[in-house]
Structures are given as structure tokens and as C-alpha cells.
Amino acid sequence: MTTPQQPHGPLRSFGRLKSRPVKPRQQALLDTLLPEIAVPTGPFQPLDLMPEAKAVWLEIGFGGGEHMASQAGRNPETLVIGAEPFVNGVASAVRHVEEQALKNVRIHEGDARDVVDWLPDACLDRVFIMFPDPWHKARHNKRRLIQPEFVAKLARVMKPGAALRFATDWADYAEWTTERVLADPSFRFADEAADRNAIPADHVTTRYEEKKLGDCAPVFLDFTRG
């Protein structure tokens, strides 16, 4: 099993790395399948992982992997890279990959910010950040993933015209993200008039979303890299 990397920088944007023992079948997949589909540790070219890919997508913090696996299944010609530090989530995702026989998924067990640092300029066609840890207490806001420095890093690795989707069920995190993403001149709303509470046609509901742990209905923010 791949050992989770040390937190990126002085503050990490995620909580516990493990909540419960991994089931034997999932552990077997972590030991055998995960090494085969893991992204390299260090700078890499995405198309080296799947030369025939017509697009490259990144999901940051894929949770249990339901959304990532469904998107990959619907888009078999797209390379879908996912990053997740939570070992139980990675175990679940690897099971989805095996059960659905997905050939276009690559996984990093660790901090997604490392993957963003390793990627070359202008290589991503789409980025998903679905229901990240809200760190909703004011004293913890500095731990939120969406910070100006990270938005700038996303701008570097996304192609002109690439799409960024951020979803949350915490109202203040939606406002926080809107302010910080639009403050970067590289980004704009994909549709200024869009209903942010409308569920996108290509959205895949996850178990986390169904728990309704936030303080508002899900908000979907779709941005375009200029």
C-alpha cells in the first residue's frame, strides 16, 4: 500500500488520513492495482500515462471516488487523474476502478497540491473540486484549499478555455471561493447568469453530498480559464 505523503507545506487542507480499517478485498487492490494506476511521484507529462487521451481532467479530493469513476466511465477517451489523501477514500476508488474496468483513471494517494505542482503548464482541460473540507470555523479558514496562491497554480496548469467546477454546501465557502477565483484575472464565470443551485446535467451525486452536512443547498460554481 502506498504510504500517504507528508502534508504539503505548513498547513494541510484535509483532516484525518484514515477513519476505519480497510476491508481485506480493498487492501488487496491497494497492494496490487493501485501501484499500476498511480501517478508518478514528481514532474510528469499526463499523456505519458495515456497517450491516446483526447483530454485530461483532474479531480481534487475525490472522496470515495464515485464522482471520479462515473465521469471516467462516461468519458472513456479522457484521462481522469484523481488525488485524495484519505486512505479509505482511495481504497473505495480503486474498487470502483476494478469493478467498472476503467482504463482511463490514474490516482495519487496524497495531497492534490503536489500533483498540481508536478503538472506541466497548460495541460488540463477540466478540474473538479467537489465538496472539499469547508474548515468553516473562522480560525480554520486559512486551511481551506482555495487560497489565492493555489488559484494561481491552477491557472498555470489549465489550458485556455479549460473548465473549473467547485461545489460546496457551505454558503460562506461558496462566497469565499467566488471572491478568490474571480480575483485572479485568469478566471471568469462560465455563465454569469447561471443558477448556482441548479444541479449541472453532468453532475454525479455522491454519498457525502447526500448526507447534507453543510448549511445550505449545494452550490455549483463553474469557471472558465481565460
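Note: Cβ is positioned from N, Cα and C throughout, glycine not excepted.
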Notebook entry, point to check: Given Swiss-Prot annotates Glu59, Asp111, Asp133 as S-adenosyl-L-methionine-binding, which of Glu84, Glu175, Glu179 belongs to that site as well?
Noted result: Glu84
Next item on the list: Write down the single range among 73-78, 139-144 that appears in Swiss-Prot as region 'Interaction with RNA'.
Entry: 139-144
Check: Per DSSP, what is the residue tally for the region 'Interaction with RNA' (139-144) in helix, strand and coil?
Finding: 5 helix, 0 strand, 1 coil
Next item on the list: Whole number in angstrom, please: the longest C-alpha to C-alpha distance across Lys137, Asp169, Thr206, Arg207, Tyr208, Glu209 for substrate.
Entry: 24
Margin query: I'd like the Cβ neighbour count for Asp169 (substrate binding site), meaning other Cβ atoms within 10 Å of its Cβ, all protein chains included.
Written below: 19
Next item on the list: Have a look around Arg207 (substrate binding site) and count the other CB atoms within 10 A of its CB, chains all included.
Entry: 10
Next item on the list: For Glu59 (S-adenosyl-L-methionine binding site), just give me the three-state DSSP call.
Entry: strand
